Protein chains: 2
Amino acid sequence: MPGIEGETKKTPSGAMPPNIIIMLMDDMGWGDLGVLGQPSKETPNLDAMAAQGMLLPNFYTANPLCSPSRAALLTGRLPVRNGFYTTNAHARNAYTPQEIVGGISGDEILLPEMLKKRGYVSKIVGKWHLGHRPQHLPLKHGFDEWFGAPNCHFGPYNSTDRPNIPVYNNSEMIGRYYEEFKINRDTAESNLTQIYLREGLDFILRLTQAQKPFFLYWTPDATHGPVYASKNFNGKSQRGRYGDAVMELDYSVGQILALLKSLGIDNNTFVFFTSDNGAALISGPEGGSNGPFLCGKETTFEGGMREPAIAYWPGHIKEGAVNFQLSTVMDLFTTSLAIAGINPPNDRMLDGLDLTPVLLNNSDSLKNRPVYFYRGNELMAVRLGQYKAHYWTWSNSWEQFKTGIDFCPGQEVPGVTTHNQTNHSLQPLIFHLGRDPGEKYPISVLSKEYLDVLKAITPIVQKHQRELIPGVPQLNMCDRAVMNWAPEGCKKLGKCLKPPESNPWKCVWPH
Amino acid sequence: MPGIEGETKKTPSGAMPPNIIIMLMDDMGWGDLGVLGQPSKETPNLDAMAAQGMLLPNFYTANPLCSPSRAALLTGRLPVRNGFYTTNAHARNAYTPQEIVGGISGDEILLPEMLKKRGYVSKIVGKWHLGHRPQHLPLKHGFDEWFGAPNCHFGPYNSTDRPNIPVYNNSEMIGRYYEEFKINRDTAESNLTQIYLREGLDFILRLTQAQKPFFLYWTPDATHGPVYASKNFNGKSQRGRYGDAVMELDYSVGQILALLKSLGIDNNTFVFFTSDNGAALISGPEGGSNGPFLCGKETTFEGGMREPAIAYWPGHIKEGAVNFQLSTVMDLFTTSLAIAGINPPNDRMLDGLDLTPVLLNNSDSLKNRPVYFYRGNELMAVRLGQYKAHYWTWSNSWEQFKTGIDFCPGQEVPGVTTHNQTNHSLQPLIFHLGRDPGEKYPISVLSKEYLDVLKAITPIVQKHQRELIPGVPQLNMCDRAVMNWAPEGCKKLGKCLKPPESNPWKCVWPH
């Protein structure tokens, strides 16, 4: 395992390193939680988690699309560094559909690899999304266990043009979505969240009994279209199918926290709840809510990038705290290492910062840190303090927009939600997100405020861009031959499919 | 005092009738409270009030503009019944600027008139807005005390074309805004909220010492443009000037609740917090937030009509309850009477319902009640359960819109946020507000759901319209002679101004 530089150090909480649980939702928006203003207020467990932990209203993802966001979380690095981006076209979000050739590079160090140094046992439950070819799968990148799928639960497919997505138990598939693992597209019923919940609970129980520190990366995908919920939740929400999925996830979070308590390990388990990107507004009323923010998934406006975020660690994190420091999914890498008492790798640039001063002492030590908003290979925007400067704006192309694909339905801010990739680098659009969280009122370029902000931001951005060494882009090539035709374990099940001849092409990323 | 039909009955809480405090904010939006998702979360006292009381996420005003909303609250009747509307043009919101000839009719019965029957002493602190001519002022309509102003704090004016708005102490003016009562338009500094707070606290203390039941109608206007805050709050918010005003109001709410507690009367005082209409999005970043809802003040979309609402009554209302029943400002009339043990007037149609089953028993007894959304003389929309049917849509006229007046900045829903008054009566636009709180996705008219909803709503609306007897419109005539030139008390102060000759005209209401 090359390049791991971490050395163990004393943990903040003493000798036995704390367990770590990261709950990563899929396409859930900032505005989907009761505590963050969803009018139906159907997340009592998450609201209670916030009331007993710390709410971070200024928490961001690293990319407004799933795969790069998840790669950033597990590596502590921007997608443009860790390779989870494309250079096929300018400023396009890329991800890992079945036809992607690439995935997470062997040169990257993932959180579970680091945690292993202090004896952590790591499990991912749910969607992986860092590549589905054998060398990219979780057990090749530090996870000891996996229950879930490498890709989104799109489908059903006919197994000729396109196989259904496999569900893995560790290194072997045990079935496929829509086959052994049912999702009813008509009724939106599936018991997948219940399965993922049980897998999580079993792992926690087992590792606690074995007295080993654990890292659970719990990544259910019920709120990603096509959304689903199990029978007990189907039709229960005021919000329709999407709300049913949220209710079941909220219930599951409650079950996990309750188990920690009943096992007496809640004081020794750091739990963090967030989402991979903003709500997919393209899904209309079957998608989530980004509250008062502009646009959604795929965009670098607040609706695409700002995430619900709750940190929970009884006895360590002050009950009911709200901290406005800017923080990101990449901080979860660095923070988890700090909690585990492991030095971060020192042979590479990390974008994640250690949040423990914020979490444990409610400090404002990160108040001068910038947050970068990338879309593919382009730095679209930067936030510093309350200000956000847009160097590029783009929602989606006119061609896409005219087919009905709208990342900002019902919203239009002239000159901001542009359908052409618009370069503002010479005179960035600057917003004050405190006064104007909806990014509707660019500050006048003639004002002293604008000039002061520009003067503060410009050198920071210039340094960032000067020093950035982009990683090798991993998401450029596609090939139908690499699809999930014959995943490990398919033989035992008699579920191997015959792949077509290899015929690679440069993937086309419309967003 | 004609027409008062009320008779006292036993109060729910025993012999001594409970005090009643209604805190009515001005242009504060649903999304301005931390507990309702404002990202800066700067309302700790209101959030605590909600945590100790009941949050009503589906609470509505009766009109998206101040005067009619306030008239509805105090009469328990829709503006189209109590006369607070105009027939000069179709579907226009009217209010009470200085040139208005009319005001609240002597035929209407106001809440303090009713409460007097059980010995309540009533005070209004802040903006009245039900007419400024002598016969319309609060002490002529049941209030025993008043400290505040009859109109908005627009200005400063030059006293020749237009007088500054007087501030009254009871029946006499004691100064004018921008003169004795400073508002600095450059710095947005004014200590008015502190004055209104002190007036409220003094009244509570005095009436408690006198052992008399009281009704305090506390209506500060710091969040109405031009927004203001006092020195201690100026510049303190993350949200700029508007946020400063919110912080000071939040602080004041905390002070009032703390006084109730320290006097030991919190268990015998019903407190309700809400706002008169949605946030004035025309004010841009110096206006408030309507959270995820569409448009704002002046419109009958959710952003104009849905209000933050907290009921608080320790020992009577369950701590931390959230009740999704539909309720309105008009219910505050009826509910206050029920709490005071007074039968409502039976000689007229009331639109307000008694919320005590909801508040005291967290019941869903109002689940089938419709809520009507009027703009002036027109029924624009109806909500029933989760559904809202729009019979008319209109934001504002093209002419107004082209001058930069926008009630839906950054928002545009084709066919919904129309700039022509659009009649959908034959086929109303129907939204499911649970799935689609932002009113972006009209339900397909071809769906079974649409037909089912239409079938349920139509007879209710037809009955309402058939039986409605509109009141005499009070807001049709304007005249510069009726402005606040020489209010009662001006002589003592040497502040009387000479009115021009009477020259009445039909008021023009652009919205």
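Count begins at 1; order follows the chain as displayed.
Placed from the backbone N, Cα and C atoms, the Cβ positions cover glycine too.
What TrEMBL says about a protein is an automatic prediction, not a curated fact.
The annotation domain 'Sulfatase N-terminal' is assigned in TrEMBL to A:18-342. Confidence across the domain 'Sulfatase N-terminal' (A:18-342), taken as the mean pLDDT and rounded to a whole number, stands at 98.
Around A:Asp27 (Ca(2+) binding site), the same-chain residues six or more apart in sequence whose CB sits under 8 Å from its CB are A:Cys66, A:Thr223, A:His224, A:Gly225, A:Ser275, A:Asp276, A:Asn277, A:Gly278, A:Ala279, A:Ala280, A:Ser283, A:Gly287, A:Gly288, A:Lys297, listed in sequence order. TrEMBL lists A:Asp26, A:Asp27, A:Cys66, A:Asp276, A:Asn277 with the feature Ca(2+) binding site.
If you look up TrEMBL, you'll see A:Cys66 marked as 3-oxoalanine (Cys). In this structure, A:Cys66 (Ca(2+) binding site) is part of a helix by DSSP. Cβ-based neighbour count (10 Å, all protein chains) for A:Cys66 (Ca(2+) binding site) stands at 28.
The active site, nucleophile feature in TrEMBL is assigned to A:Cys66.
For A:His129 (active site), the same-chain residues 6+ apart in sequence whose C-beta sits under 8 angstroms from its C-beta are A:Cys66, A:Ser67, A:Arg70, A:Tyr95, A:Thr96, A:Pro150, A:Asn151, A:Cys152. The annotation active site is assigned in TrEMBL to A:His129.
Marked as N-linked glycosylation site by TrEMBL: A:Asn191. Sequence-distant neighbours of A:Asn191 (N-linked glycosylation site) (same chain, 6+ apart, CB under 8 A from its CB) are A:Lys182, A:Ser230, A:Lys231. DSSP assigns A:Asn191 (N-linked glycosylation site) to coil, not to a helix or a strand.
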Note = In all the protein chains shown, the tally of other Cβ atoms within 10 Å of the Cβ of A:Asn277 (Ca(2+) binding site) is 33
Inquiry  = Cβ within 8 angstroms of the Cβ centroid of A:Asp26, A:Asp27, A:Cys66, A:Asp276, A:Asn277: which residues besides those meet this for the Ca(2+) site?
reply    = A:Met25, A:Met28, A:Leu65, A:Ser69, A:Asp221, A:His224, A:Ser275, A:Ala280, A:Lys297
